[in-house]
Amino acid sequence: MEATNGHQNGSFCLSTAKGNNDPLNWGAAAEAMKGSHLDEVKRMVAEYRKPVVRLGGETLTIAQVAAVAGHDHGVAVELSESAREGVKASSEWVMNSMNNGTDSYGVTTGFGATSHRRTKQGGALQKELIRFLNAGIFGNGTESSHTLPHTATRAAMLVRINTLLQGYSGIRFEILEAITKLLNNNVTPCLDLRGTITASGDLVPLSYIAGLLTGRPNSKAVGPSGEVLNAKEAFELASINSEFFELQPKEGLALVNGTAVGSGLASMVLFEANILAVLSEVLSAIFAEVMQGKPEFTDHLTHKLKHHPGQIEAAAIMEHILDGSSYMKAAKKLHEIDPLQKPKQDRYALRTSPQWLGPLIEVIRFSTKSIEREINSVNDNPLIDVSRNKALHGGNFQGTPIGVSMDNTRLALASIGKLMFAQFSELVNDFYNNGLPSNLTASRNPSLDYGFKGAEIAMASYCSELQYLANPVTTHVQSAEQHNQDVNSLGLISSRKTNEAIEILKLMSSTFLIALCQAIDLRHLEENLKNSVKNTVSQVSKRILTTGVNGELHPSRFCEKDLLKVVDREYIFSYIDDPCSATYPLMQKLRQVLVDHALVNAECEKDVNSSIFQKIAIFEEELKNLLPKEVEGARAAYESGKAAIPNKIQECRSYPLYKFVREELGTGLLTGEKVRSPGEEFDKLFTAMCQGKIIDPLMECLGEWNGAPLPIS
């Protein structure tokens with residue numbers, strides 16, 4: 001594109017091709033959506049981990065904003081020197097227009113509804129602008145509940161620099177360098193949490209950045225170690241080798257009249273939302289594994305016929321996780337046993353998870369692109385067009401893209417949470433979970449172990465709050481500033497509420513993943529216990545039922561196969577706490593097999609030597625003597641890490657997440673016999689998620705995916 005205001009304007013979304021055939025920018029917006037969502041998330045992660053962010057006003061990403069905001073990463077910010085001339089040109093234009101007597105909003109006029117007032121004292125006007133906008137309330141201290149989180153402030157500073165670098169705002173480059181030094185030295189101004197409607201930008205909070213730069217006595221900052229600083233101390237710690245800035249005409253307005261606080265926080269939120277969206281896809285696949293689901297719900301033809309790209313990708317990701325899964329192979333065999341007595345289809349939380357998650361991923365992805373456009377936009381007023389020698393009075397400060405994107409994202413997060421809660425509820429319910437114990441209890445005595453019962457109550461609470469937060473913010477607009485700002489975006493408020501939703505979804509995700517790991521371990525225990533029961537039943541059958549008292553072959557020798565079928569069919573946790581109890585299904589059904597064979601034995605039952613009925617009591621007595629010891633031995637071997645059958649999860653693509661939770665975080669199987677509470681384990685994972693540690697194992701689960709569904713065969 002043509003050079004304007006002294007620099008090349010190749011913006012984040014505008015096509016720069018010669019003879020631009022996309023004047024409305026729809027083509028560029030569509031182009032940005034090409035490729036898979038997962039590939040985009042991988043690019044975000046790579047950008048997030050780069051040590052330097054170079055700002056030129058045109059290519060800032062939400063991942064870079066998130067990286068700089070989390071200052072513990074030590075990401076350095078650099079300004080593009082090529083932007084200096086454009087910034088300087090617009091600043092000089094403002095001074096020249098003032099000297100020439102040109103009437104410009106915010107330079108010679110009052111503000112908002114009082115713009116009919118006039119003054120020639122341009123510097124004093126900017127000083128008053130910052131003073132009257134310092135209307136926030138902080139409460140006690142710099143870490144109070146009324147102070148914007150310092151990470152969000154850093155995000156806002158970065159975005160505001162990026163906007164002003166484009167050279168349409170009339171501000172000196174030196175001021176942008178000063179803000180950059182604050183960022184690079186981890187000196188963060190204190191901004192008020194509330195008080196902006198993001199409609200003439202985030203006026204009130206941004207005024208506190210300007211207040212620090214101009215040395216206002218009420219301004220405060222926080223240093224790298226959390227120490228409270230006044231403006232002078234902040235300048236010294238940030239190595240800003242100048243006096244406080246005396247704002248020139250338009251410079252105060254340039255600092256405050258933008259959407260950077262709302263869009264900065266939105267960037268942080270969306271970086272996490274994209275990660276959580278991918279996590280929800282993988283967790284749904286693990287849910288299918290431990291629930292012994294039918295993997296045909298991921299078949300590509302089903303989703304191809306629905307056409308929605310988010311759904312197609314979600315299904316393909318789940319299909320990739322489940323393809324070759326040892327759980328799916330075992331489940332297939334289980335489904336072949338008594339198929340007419342089992343549901344033909346899985347419940348919706350499993351079977352329709354791609355259809356549910358797909359549109360939500362599309363919403364999050366579209367919101368990401370919208371906010372990425374916003375943080376690369378020029379969003380103040382008036383705009384200085386040096387090339388045409390004029391100031392343009394418009395409304396780019398209206399943060400509607402933020403409010404709408406955040407409302408939509410929050411709705412998507414709430415729906416992800418709803419699915420997660422439905423899946424969790426099935427997982428802990430022994431009426432639905434295909435043989436896992438109620439509440440995922442793992443103790444020998446289920447009467448003294450209630451497992452994840454408290455966790456399910458907590459999940460209901462999280463889900464309810466998340467659903468409440470899904471209500472829109474943007475429908476609550478109030479006319480403000482003497483009815484000049486009569487429509488306003490509420491962008492920062494919506495970003496804040498979405499940030500709350502992110503935290504709640506993390507609580508749900510950490511609780512759910514710990515529960516899934518518990519279920520994985522219970523399936524491992526189940527397999528070993530069932531193996532022990534089968535071996536014992538087989539051993540007792542051979543010993544008791546093969547021959548008669550005189551060593552002759554006995555008719556009961558044919559019972560063994562059917563007895564083992566009973567063990568295969570019966571859920572192990574329905575009887576394993578007392579396997580030989582006459583009131584539990586194992587002994588009842590083993591006896592029924594022997595009775596049925598005895599009835600078929602007919603006339604032979606009259607002979608004591610060939611009677612199967614005569615064998616029943618002996619068989620049961622032998623089983624009662626042997627089975628409890630064998631079961632306890634199998635459980636003890638499992639608990640000591642010497643299980644006869646290894647854990648299936650090691651052969652699955654979902655293993656990296658399990659390994660991360662169990663080995664890196666040091667969590668374990670929860671039982672009523674141990675002191676450790678579920679919440680302690682949830683806390684470990686939640687903290688790790690907040691630190692971004694879950695990203696690598698999550699991506700490792702999908703490392704082999706080629707970005708396409710399996711062929712339809």
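Cβ atoms here come from the backbone N, Cα and C positions, even for glycine.
TYR105 (active site, proton donor/acceptor) carries neither a helix nor a strand DSSP state and counts as coil. Long-range Cβ contacts of TYR105 (active site, proton donor/acceptor) within its own chain (separation 6+, distance under 8 Å): SER115, ASN381, PRO382, ALA391, HIS393. Residues or ranges marked as active site, proton donor/acceptor in Swiss-Prot: TYR105.
Positions annotated as 2,3-didehydroalanine (Ser) by Swiss-Prot: SER200.
For ASN257, GLN345, ARG351, ASN381, LYS453, GLU481, ASN484, the entry in Swiss-Prot reads (E)-cinnamate binding site. Other Cβ atoms within 10 Å of the Cβ of LYS453 ((E)-cinnamate binding site) number 15 in total over all chains. Annotation note: LYS453 ((E)-cinnamate binding site) sits in a helical segment as assigned by DSSP.
In this structure, the CA atom of ARG351 ((E)-cinnamate binding site) is 47 Å away from the CA atom of SER200 (2,3-didehydroalanine (Ser)).
DSSP classifies GLN345 ((E)-cinnamate binding site) as coil under the three-state reduction.
Every protein chain considered, the tally of other Cβ atoms within 10 Å of the Cβ of ASN257 ((E)-cinnamate binding site) stands at 23. Under DSSP, ARG351 ((E)-cinnamate binding site) is assigned to a helix (H, G or I) in the three-state scheme. LYS453 ((E)-cinnamate binding site) sits 49 Å from SER200 (2,3-didehydroalanine (Ser)), taking the Cα positions as reference.
Using a 10 Å Cβ-Cβ cutoff, ASN381 ((E)-cinnamate binding site) registers 22 neighbours. Long-range C-beta contacts of GLN345 ((E)-cinnamate binding site), restricted to its own chain and to partners at least six residues apart, with a cutoff below 8 Å, comprise LYS294, ARG351.
Between the C-alpha atoms of SER200 (2,3-didehydroalanine (Ser)) and ASN257 ((E)-cinnamate binding site), the distance comes to 6 Å.
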